[in-house]
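Contents: one structure, followed by commentary.
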């Protein structure tokens with residue numbers, strides 16, 4: 001079967017379903033793909049196909065994630081859905097499946113539950129910027145006031161975690177009834193079935209409310225340095241993969257991290273032994289730098305657009321600690337623990353100053369399998385920004401994954 005071609009001119013957005021177990025995330029994912037397929041926008045995916053999510057590895061952690069894609073009139077979407085709660089936690093913290101926005105699924109029959117709260121908190125901490133809410137299982141509610149009550153509760157919860165609770169669009173419906181309508185008539189068009197229309201209304205809200213993200217190429221230039229060598233008569237070359245932005249010969253860049261920030265000019269760019277005028281996000285490239293000695297550069301520094309990123313040593317982070325079965329520690333650890341923090345291309349030693357539970361109370365120790373907020377101090381300053389991912393390692397093996405939620409100094 002030929003792969004379906006998507007329109008490359010439409011803007012692309014990464015999205016995901018989040019929410020409490022059994023509130024209908026996977027059923028909704030199936031309903032969205034099926035409803036849009038009936039409009040000729042993508043391939044319908046069954047619940048079982050999505051639920052049997054393949055395992056993948058991100059930063060040494062195994063995560064089960066299902067990826068589906070579909071399009072609306074306006075945009076092309078890559079959509080991620082996870083079978084288990086632990087998979088969501090791992091996914092959001094490692095950034096394995098980056099989300100530009102989320103659909104929060106809440107069962108109208110049950111209202112917000114513990115994982116609803118936890119996913120909203122996580123979305124805030126890891127920098128999922130926007131979400132739209134789908135109140136599912138509307139058919140199980142006889143009283144319109146009850147639906148309104150659930151909506152108010154969810155809006156309050158969103159506001160509590162600093163999302164604009166009063167502005168976020170809410171759509172109610174039944175993913176299951178929409179799927180049933182579509183399975184008996186796969187060619188249903190807009191306006192022909194109440195439940196299918198509600199799924200399409202949800203996607204209209206996603207189209208309207210979740211902004212198209214800035215493309216990596218349009219962001220300010222950053223490249224983590226992987227290696228450095230000197231070429232006799234030409235100077236020093238730093239190699240790595242451009243994380244974002246673009247760079248041209250003649251532009252000024254800054255070397256940031258581990259030592260004092262230093263400004264230098266790009267005198268040449270090379271890729272696969274060929275010289276280039278410009279390098280872009282995603283390129284593996286060698287950058288020739290003016291007036292810099294090989295000894296000035298170390299793996300773990302970054303080259304960046306001047307003023308766009310600064311070195312820091314202390315930050316707050318949201319961390320998932322691996323279980324023994326995942327190859328993590330067998331025993332708990334306490335504050336004062338000094339592992340290595342693997343950031344971009346290098347390990348930096350740091351100490352964990354404090355642990356904080358979701359309710360803001362201090363935690364004494366952390367067990368394998370926990371998710372916790374921790375304050376970290378590094379022994380060397382490195383280029384850090386909010387939303388940056390890192391791994392925690394001990395003796396070369398990964399024991400945790402984290403994301404920077406706030407820079408302290």
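From the backbone N, Cα and C atoms, a Cβ is placed for every residue, glycine too.
Taken from Swiss-Prot, the feature GTP binding site applies to 19-26, 81-85, 136-139. Taking Cβ-Cβ distances under 8 Å and a sequence separation of 6 or more, the neighbours of residue 25 (GTP binding site) in its chain are 17, 18, 19, 81, 105.
Residues annotated as Mg(2+) binding site in Swiss-Prot, with sequence analysis given as evidence: 26. According to DSSP, residue 26 (Mg(2+) binding site) sits within a helical segment. Within 10 Å of the C-beta of residue 26 (Mg(2+) binding site) there are 23 other C-beta atoms, taking all protein chains into account.
If you look up Swiss-Prot, you'll see 10-214 marked as domain 'tr-type G'.
Here Swiss-Prot flags 19-26 as region 'G1', drawing on similarity to another entry. Sequence-distant contacts of the region 'G1' (19-26) (same chain, six or more residues past either end, CB-CB distance under 8 Å): 47, 50-51, 66, 81, 83-85, 104-107, 110, 112-116, 119, 136-137, 175-176.
Annotation comment: Swiss-Prot describes 60-64 as region 'G2'. Secondary structure counts, DSSP: the region 'G2' (60-64) has 0 helix, 4 strand, 1 coil.
When averaged over the region 'G3' (81-84), pLDDT in the model lands at 84. If you look up Swiss-Prot, you'll see 81-84 marked as region 'G3', on the strength of similarity to another entry.
Each residue in the region 'G4' (136-139) gets a DSSP state, and the totals come to 2 helix, 1 strand, 1 coil. Per Swiss-Prot, region 'G4' is recorded for 136-139, and the stated evidence type is similarity to another entry.
Residue 138 (GTP binding site) and residue 26 (Mg(2+) binding site) have their C-alpha atoms 16 Å apart, to the nearest angstrom. Residues of the same chain lying 6 or more positions beyond the ends of the region 'G3' (81-84) and with a Cβ under 8 Å from any Cβ of it are 16-17, 21, 25-26, 29, 50-51, 53, 63-66, 68, 91. Across the structure, residue 85 (GTP binding site) and residue 26 (Mg(2+) binding site) place their CA atoms 12 angstrom apart. Each of the binding-site residues 22, 82, 138 was scored by the number of other CB atoms within 10 A of its CB, and the lowest score belongs to 22. Note: the Cα of residue 26 (Mg(2+) binding site) and the Cα of residue 82 (GTP binding site) are spaced 8 Å from each other.
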